[in-house]
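Colleague: Dropping a structure here in structure tokens format, bear with me for questions.
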Amino acid sequence: MFSGKQTKPTFKSYLPPLQVSETLACEIVVNEANFVRKCIGAESCQDDLWGKLVCTNFKVSFIAHNSLPRQRFQCTHRLLGEHDIPLACVEQVVTVNDVKGKQKILGSNQKLKFNPTELILYCKDFRIIRFRFDEAGPESAKKVCLAIAHYSHPADPQLLFGFEYVGKRYHGSTGERVNGVDPGGGLQTPLFDCSSDWDREIKRTGASEWRVCTINQGYFISPSLPEFFVVPVSLADQDLKQYACCFYSQRIPLWCWNHSSGSALVRMSNISDPQQQRKVEQRISSAITKSHPLRSDVFKSDLDKNLPNIQDIQAALLKLRQICVIDSFEESEEKWLSSLESSRWMEYVRTFLRHAVEVVYMLESRHVSVILLEKEDRDLSCVISCLVQLMCDPHCRSLHSFQGLIQKEWVMAGHRFLDRCNHLKRNDKEEVVQLIASPVFLLFLDCVMWVPVFSTFLFNCPRQRAEHSRDFASSKSIHLGQDQALCFPPVWDWSQQFSLKDQTLFNNPLYVGKIATCVQNGTVKTFTHRRSKKNYSSTLRGLPSALRNGSLGPNDTLTRRNSLMLRLRSDLSQVREQQETPSERFVRDFFSRPVDLQGLLLPQLLPSHLSVWKLYFLRWVPEAQIPQGGPITAFHKLSVLTDEIEMLQNQLRQYQGAAGTPNNLHAEHSKMYFKATSTPHQSPAPPEYLSSSFPFSPVGNLCRPGILGTPLSKLLNGAKIWLSTETLANETI
């Protein structure tokens, strides 16, 4: 694609041919630079790669002359190559001229007054990627840097690649695909963009006193609410229209979920009209009370008062990035753990989990309905509502139901993905609070899909998606027919990104659904598991107030090893005298009972029970990689065991005359990525390519000092390197 007309060579090349990166049909090459060096090793350049750096309207692609030794495992992405970075994943573009001692953070439509000798890309997934232009032409190096800066943060959402991708597919439709969506593709994830999805959810949860409301069709009432949502039966449409103007952004209270006792989980924005506040609150609370079979009271949970705000969450992530990615690992383990605690990221994780448990206690034990109050109901309530449903409802724990939960509580509820994920160029004239980037979704998930082909995480609300898609179709003269807008493919259609084999990495070998069975003495039985009554969570019994809340006070200290047990033993008499709160007693009673795999699921809340998500935050760090170690080794053994059980069950069904998959087809249809051998009682050894970073590989994706090396800043030969987004923003050029 990058070569023009074939010409007769005039000289002999001693370089191997370029490994050409495949491009999509609607992908356009914007700029490129030859003879670029991608930095692989921090202390030496002998492992660096030489090739061409290409910027398209979709990604930054490095086409290497040579390649790294290819590991036997290769999880292939169908849209991205080994050295590709989607533009939506680029956080900041930093150019450096180490000869003149100059550096600059490049933004969209900015000028660059010096010729860069180095380009550093800070990515949203914690990668830091460096390119050197020592042998490249200065003008081509400058142009490719400016192109990356411009296309990674466009000023208009319609300049995002997803629009070109869907528009091109719509134009090229031959019946196989209609308007960007595979017809009859069997997509099981509910998108909650139609009333039927909400009707099914109402029936599934037994919320008989709730109904689907359609007053926001065409986004007539609120621009940030979905066209369909659920409200109490006792609230008439006329009343809702009247009350809408009293709420921030006209966001009428939204039903999330119903407990089997009849208690409801509802999310609501604050009432902006003080004169109407008491009247409207009473009317809403009365309607929710009437929906409960026992007419129980309503508990209001103010999230703005009890949880960190989005600015706090963003600040914690910046500090965590500094610790995990930028700072050297030369310091001691104790100092690193202390720095990790000072970032407050894990403290915030515990705070959200603890608050979700308190809401679960109100629904499960007190049998009262709960209203989640947040000023705009678009950030913190998304996290808590999802966590509560995961803890209470086993239906939400399957892959497709979990995806539907995110679709319902984040995408359709109007979480500001466009702003929080920082997809666009900042406009200083707009309200700062609305535009602030914050990893609220990352707080809920350990990984965010950054590929901007799909619209799921591109917009602030369904209305914005519809308006921009209509405008784009009009500007490109795309005839929509009966469709009201372009239909973007949802991110949940994993077949567009991964092969069937790679998709099996999503499957949890320990997941037990309602229809899970096991074979015992030749008889197929329902799988159940009971925990020994001796396996209590003793650490949750009446702890000191600081530890009960899942964090230490300013005067509290924990020694490095076995400190928690020593502390509990020394203060045992004092601990017993402390009184438990009702929610703490509820949690302790839960852990004292046998496990119900189809029932309630609560987390442990002490600092000793929670650890940083290493597979996300440390996946690109070579020093943190454990060859043949980490949780993946247990995952491998469990997957092999699960596959062997499935194979034996299939053989038993065949022996009994029931329908079963032939043995030669079992491996092809297995749900596990790692499979058992055909020889009984011979468990396969873990593959050599397994490491704690699996399925990611830090090789070639992160340049940082070695464990005995020097800080990254010294690699710039005197040029200054910024340590975080915060310092970058405050730096004067």
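The backbone N, Cα and C atoms fix where each Cβ goes, glycine too.
Per TrEMBL, the feature substrate binding site maps to N309, I310. Per TrEMBL, domain 'Myotubularin phosphatase' is recorded for 192-617.
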Colleague: I'd like the number of other C-beta atoms within 10 A of the C-beta of I310 (substrate binding site), please.
Modeller: 21
Colleague: To what whole number does the mean pLDDT across the domain 'Myotubularin phosphatase' (192-617) round?
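Modeller: So the average pLDDT across the domain 'Myotubularin phosphatase' (192-617) works out to 78.
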Colleague: Would you mind checking how many other C-beta atoms are within 10 angstroms of the C-beta on N309 (substrate binding site)?
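Modeller: So the number of other Cβ atoms within 10 Å of N309 (substrate binding site) is 16.
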